[in-house]
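Listed features, source TrEMBL:
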DOMAIN    1-378  domain 'Major facilitator superfamily (MFS) profile'
TRANSMEM  45-64  transmembrane segment
TRANSMEM  71-88  transmembrane segment
TRANSMEM  122-145  transmembrane segment
TRANSMEM  207-229  transmembrane segment
TRANSMEM  249-275  transmembrane segment
TRANSMEM  287-306  transmembrane segment
TRANSMEM  326-346  transmembrane segment
TRANSMEM  353-374  transmembrane segment
């Protein structure tokens, strides 16, 4: 939004308006990238009380960022939001893995930005402040939600755990699942130092896979495209409102991902190399085709690396090291999210269209990793992962006792 750039990034705004601006470099600003990436500086920490803490950080972060008077107040607000993301990223997937599937949020953020862009001159304050709305729902929800059966049983409250299990499954006979959770919890209680156990050779396969899946998820370039979608669309020739609307369209496609995996980064890079000069612009048809390719890329991600990057680590860590292992995985994710968000606009400026070939190269490496090193975990109970999966895998069996 121009009002936002004028207040916090006037140099970027001037560069954007310049007649001979460089298409790839007009948003190359370290503070602008820090505003985006700082959301992930506070996510290095982190079921029910943790979600409550996350909602409090979200509320404070939304208040500070929406009332910001200078760039550092803006970034402090983002870091507070980052603590909320960190607590949420650690607790919510574990909670949902025992209760329900994960939902998405990017579409709503793009929709809010498009609507508030017309509210001059404080639309950006409304956009940042509305982060408090889901925080209120999260806060109320964290009070009324039940603890998971696993969490209750792990803490010795077996009667409440069994009762909760009956409630969420909707049946009275939950004896088999209850005994499985009870047995796994007993094993977990015997492990006094989960992080120490996590460093043992036999724990390496799920740890390596969990961390690399999270790192590779970011090296698809998904967050670079989703964070900076309006910037990218302005780069290829869309005006401000049109670029925000294109970001909304991209968000819609992420909500309806049904296509098979395909790699669109190379095609996008190829079009920009062939047709987008430093100071020129794409034709309307070429720019529209880029939007279509971005949408197909986003759909492909939402069908594959998006959900499975979170699901597979949850399915592979044994219960005794599950929380510790997932913490490593989440930390790896947010670290690389921060690094890519901080560097992307500068990389776009220096590498130009070849930035998309950079991500395409990583996607190729990731495909080889999946083919050779990622085992199938579908329908394999956690307590049978070692015998059915790790000891049968041609590479990972070497790590097993």
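Cβ coordinates are placed from backbone N, Cα and C, and glycine is handled just like the others.
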Checklist entry - Do the transmembrane segment (207-229) and the transmembrane segment (71-88) come close, with at least three CB pairs under 8 A (pairs 6 or more apart in sequence)? => result no
Item to check | Leading contact stretch, 45-64, 71-88, 326-346 vs the transmembrane segment (122-145) - CB distance under 8 Å | outcome: 45-64
Checklist outcome for this item: Mean per-residue pLDDT in the domain 'Major facilitator superfamily (MFS) profile' (1-378) works out to 78
